[in-house]
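Since the structure comes first, as structure tokens, the remarks are kept for the end.
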Amino acid sequence: MNAPVKILNPVGLLAELTHRCPLACPYCSNPLELDSRAAELDTAAWIKVFTEAAELGVLHAHLSGGEPAARRDLVEIVAHCASVGLYTNLITSGIGLTQERIKALADAGLDHVQLSIQDAEAKSADHIAGYEGAFARKQSVAAWVTAAGLPLTVNAVIHRANAERAGQMVKLAVALGARRVEIAHTQYYGWGIVNRAALMPTKAQADAAIAEVEALREVYAGVIVIDHVIPDYHARHPKACMGGWAKRTLNVTPTGKVLPCHAAETIPGLEFWNVRDHSLRDVWFASPAFNAFRGTEWMKEPCRSCPRKEIDFGGCRCQAFALTGDANAADPVCHLSPDHDKVAAIAAHANEEEAATEIAYVYRGVKAPVPAE
């Protein structure tokens, strides 16, 4: 038997304030069954969550959704996070933000903004987002963010429809005044797995996009930081998902369920505790879902005897379940997995000529109107 797993305090909290969103991105990682507005935590409950997070040692509060700007109490939430010493990062589509609201958020103590873009070309970007005018609106929001003195990161998800413009998206981020850009190839969870056939690029597309972005590191050294999340379907080893299950971060859903990762609900049989019934401290240290895949005792072969088991932790549990039906199995991305042929077949299909044509998206459900000020 291995020694008991040492559980350190978390450093990050992803707060999904709402699932409401005016966009309908086909790669959205939100669950297929979206939480309703009526079921969301109220302001007082979220304030309690952030207070407990700070007491637990959390340093960073990532305010996400859906679209967090759909919450009328967003400024109040940011002000409270600042008052308890949390660094706040707003992850937003920009839709629902005005120049006045951004200034109010900055005055309340907001530390950072991450703004998503869907492409470097307006027509394609709006098509991907399922929202006409989104591209133009995001450029205005970026200008308002930098005018308010807030540091800006631009996020771009790469897939078949925009892979040829990965480098242009880096250049767009520079033009928008961002200090950092995250170029992330699609991770297939939530709506992303529904749309995998439409989203997955060919290997040639992925390789070209990766090379283009990597070449820009030297071009823009000292100008912008480039974070690059490459696709794992063409890799030999799996990603160290979340840095290991329930090791660094936790996620609170709009209704108060606390998850080890945003896709954990896709694994059946896990018991998720809710902030309405338990403190964050109790959830982090004692909840069954958080302890399900901590350490290495749960691992099967080939992970159990693998020298990389403390490096990639067997890969992603959610992906393992999605592709094998067994959350304890090795992530099939790994070339040592007995199920690796499933990943290879999916990647090979993306390379076939008939699969490389445009496939209609199944857009993310439940589009909410932009909230009134």
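In case you wondered, yes, glycine gets a Cβ from its N, Cα and C as well.
Features reported for this protein in Swiss-Prot:
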BINDING   C21, C25, C28  [4Fe-4S] cluster binding site
DOMAIN    7-227  domain 'Radical SAM core'
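Where Swiss-Prot records a feature, it is marked here on the structure.
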residue	record	Cβ neighbours (10 Å)
C21	[4Fe-4S] cluster binding site	26
C25	[4Fe-4S] cluster binding site	23
C28	[4Fe-4S] cluster binding site	24
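Cβ atoms within 8 Å of the centroid of the Cβ atoms of C21, C25, C28 (the [4Fe-4S] cluster site) belong to the same-chain residues L23, A24, Y27, N30, G66, S93, A129, W191, R364, site residues excluded.
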